[in-house]
Amino acid sequence: MRRDYTLYLFAALGTFLIAYIAVPIAVIFLKQASDVEMLVKTLHDPYVIEAIRNSLLTATATALIALLFGVPLGYVLARKDFPGKSAVQALVDVPIVIPHSVVGIMLLVTFSNSILDSYKGIVAAMLFVSAPFTINAARDGFLAVDEKLEAVARTLGASRWRAFLSISLPMAFPSIASGAIMTWARAISEVGAILIVAYYPKTAQVLILEYFNNYGLRASRPIAVIMVSLSLGIFVILRWLVGRKNA
């Protein structure tokens, strides 16, 4: 029997990509380990702590807003056919392909000074670029739920709202949760749109760029290490919680 090396080839190709992602993460931690003094100094810098807090809070607020509006939209896209549905679905994906500096210009032109240099501006920029992940995940989650289950619940006397809460939402939850996690992750990584809309109050993403431009790599690297650590930690915990929910 002829030996099939397809899986070995795929594994080798996949390993290259995993290494491409993992190696820079490992290297930045190893480099910072040789400069603990700068890391400790950064951890005690109130300006840095405030910027990190701003990033975490605004990214979390963005994910919650995306859930509030994205889950209902995802449900409608999964359950109903209507004129212009394809256009709506295409529009949902548009923020993914628009350059983020352009997003910042668009938001600034649209909302002007009402979002300039404010928490509202940060959340607005984050929401624009990250909401598609929640909407698409919710839509896919509801599409995976057999609509007949809702119909059976309604024949037994449940309202559409009740059927949604008791059947569709719990069954689609893993997909929705994954979308929310990706929304949060995308939001906390946003820089381009925030630079234009809300340079202040400072977020960690913007502060890293500012420190790099003004003080060089040694000053910006500790903040990057802190953000990678926090993001990875939160991401792993959230994925674990979703995995437990699926089990």
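Glycine too: its Cβ is placed from the backbone N, Cα and C atoms.
The domain 'ABC transmembrane type-1' annotation in Swiss-Prot covers 52-238.
As annotated by Swiss-Prot, topological domain 'Cytoplasmic' applies to 1-8 (among others).
The topological domain 'Extracellular' annotation in Swiss-Prot covers 30-55 (among others) and rests on sequence analysis. Long-range contacts of the topological domain 'Extracellular' (30-55) within the same chain: residues 119, 122, 188, 201-207, 218-219, 221-223, 225-227, 230, each at least 6 residues beyond the stretch ends and with a Cβ under 8 Å from a Cβ of the stretch.
Confidence over the topological domain 'Cytoplasmic' (77-90), given as mean pLDDT on the 0 to 100 scale, stands at 90. Summarising the annotation, Swiss-Prot assigns topological domain 'Cytoplasmic' to 77-90 (among others) and lists sequence analysis as the type of evidence.
Per Swiss-Prot, the feature topological domain 'Cytoplasmic' maps to 136-163 (among others). Taken through DSSP, the topological domain 'Cytoplasmic' (136-163) splits into 21 helix, 0 strand, 7 coil.
Per Swiss-Prot, the feature topological domain 'Extracellular' maps to 185-222 (among others). Proximity of distant same-chain residues to the topological domain 'Extracellular' (185-222), defined by a Cβ-Cβ separation under 8 Å and at least 6 residues beyond the stretch ends, is recorded for 28, 31-32, 35, 38-39, 41-43, 47-48, 50-52, 54-56, 58-59, 62-63, 99-101, 103-105, 107-108, 115-122, 124-130, 133, 231, 235.
Summarising the annotation, Swiss-Prot assigns topological domain 'Cytoplasmic' to 244-247 (among others).
Positions annotated as transmembrane segment by Swiss-Prot: 9-29 (among others).
Same-chain residues lying 6+ beyond the ends of the transmembrane segment (56-76) with a Cβ under 8 Å from its Cβ atoms: 92, 119, 122-123, 126-127, 130-131, 133-142, 164, 168-169, 176, 179-181, 183-184, 187-188, 203, 230. Feature annotation from Swiss-Prot assigns transmembrane segment to 56-76 (among others).
Residues 73, 77, 121, 124-125, 128-132, 135-136, 190-197 of the same chain lie 6 or more positions beyond the ends of the transmembrane segment (91-111) yet place their CB under 8 Å from a CB of it. Look at Swiss-Prot and you will find 91-111 (among others) tagged as transmembrane segment, backed by sequence analysis.
Here Swiss-Prot flags 115-135 (among others) as transmembrane segment. Residues 54, 58-59, 61-63, 65-67, 69-71, 73-74, 77, 92-93, 95-96, 100, 103-104, 107-108, 176, 179-180, 182-184, 186-188, 190, 193-194, 196-201, 203 of the same chain lie 6+ residues outside the transmembrane segment (115-135) yet bring a C-beta within less than 8 angstroms of a C-beta in it.
Residues 59-60, 62-63, 66-67, 70-71, 74-75, 130-131, 133-138, 140-142, 144-145, 149-150, 153, 158, 234-235, 238-239, 241-242, 245-246 of the same chain lie 6+ residues outside the transmembrane segment (164-184) yet bring a C-beta within less than 8 angstroms of a C-beta in it. Swiss-Prot lists 164-184 (among others) with the feature transmembrane segment.
Sequence annotations record features per position, and here Swiss-Prot assigns transmembrane segment to 223-243 (among others) based on sequence analysis.
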Inquiry  = From the DSSP assignment alone, can you count helix, strand and coil residues within the topological domain 'Extracellular' (185-222)?
reply    = 28 helix, 0 strand, 10 coil
Key: Same-chain residues near the topological domain 'Cytoplasmic' (136-163), Cβ under 8 Å, at least 6 residues beyond its ends   = 70-71, 73-75, 77-79, 92-93, 171-176, 178-180, 182
